[in-house]
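In what follows, a single structure is set out as C-alpha cells and then discussed.
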C-alpha cells in the first residue's frame, strides 16, 4: 500500500511559526516538503491572539500576530511545499524501507523519509472557566481571546489571568477601555518583565492574589463578577461590560509517547543540539522540544527549525553540505529578486 503514496523528503507536523519557517528553510535545502496542520489554517497558537503585538522577532518592528502569520505563511510557500490542513495524526509506523508512514484521524496517509515535529504543546485548547453556566456567556461578553481591540473601547473590562497574553491585553486595553481590572491568583505575573512593569505603572486595577469565582448577568450577558481574595477570603463584586479569560492552554501530547519518543518534563520531547530525538530520522523543534541551549522565543524556534532541517538533509544525503548557502546564492531567490526589481521599476 505504501508504494501508492507520494514519498516526501521531509514532513513537518505543525503549521505554527516553527513549522512554517522550517518549511521555508527546507525549500532552501532543496527538499521535497509537506506540512501537516491540525487546524483549518496555518498559524498555530498565534491564531488565538491575532491582535497581540509581537516585539521579539529580529528585523521586524512591533507586529500584530495576524500580520506575522501572514508574512510567515507567504515565506513558507516560497518553495511551494505541499500543505495539508485538518490533519490530526494518530498513527506512526515504518514501512519496509524504514520510511515513516503517518495516518490521520480522517484516514489520510502520508509517507516521508524524515519527520519534524513542530506541534507546540499539542493541539491548543483554551483552559475555560470552571464556573457553572459560564459557557452561556461565550456568545456575548465572555472572551477567551481578543480578535479586535476596538470591541472593548469604552467598556469596563475584567481580565482573569497573569500570563503574557493577559498582561499584553491589559496594556493594550488601558488606553481605550473605560476601565481595566486584572485578577490573578498569584502575586507574581508570568509575562515579560517590561510588560508587567508597564501594566503596574498604568491605571489598570490589579488584584492579587484573587480568583474569579462567579459571573452574574441577565439572560446571556454578564454585568458583574465576584472575586475572592485567596488568603483572607474577602469577597468583592465588580460591575463589568466584558470579561476576558486567559488561564493558559492545554494540549494533548500523549500520542508522542505511544510512538516511542523520549519525553522529559511537561511531556516535552528531549533532543540534542542537532534537534535529533531518540528515533532515527525524527526531529523536534519549537515549544515542543527541550535541550540545553533552548531559547523560548519565536526567534529561537527558527533556529531550531534550521538545525533540525540540516540534520534531516544529512540523514537523507550524508554527503550533502552541512548547511545551506546564503540566500543570495539561491537560484529561486535570484528569480524572485528579478520580479521584485521589475515591480519596483514600474
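Backbone N, Cα and C atoms are what each Cβ position is placed from, and that goes for glycine too.
Under the heading FAD binding site, Swiss-Prot lists 37, 45, 49, 89, 124, 287, 328.
Sequence features annotated in Swiss-Prot and their locations in the structure.
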{"residue": "37", "record": "FAD binding site", "DSSP class": "coil"}
{"residue": "45", "record": "FAD binding site", "DSSP class": "helix"}
{"residue": "89", "record": "FAD binding site", "DSSP class": "strand"}
{"residue": "287", "record": "FAD binding site", "DSSP class": "helix"}
Close in space, distant in sequence - residue 89 (FAD binding site), Cβ under 8 Å, 6 or more apart: 13, 36, 102, 103, 104, 105, 255
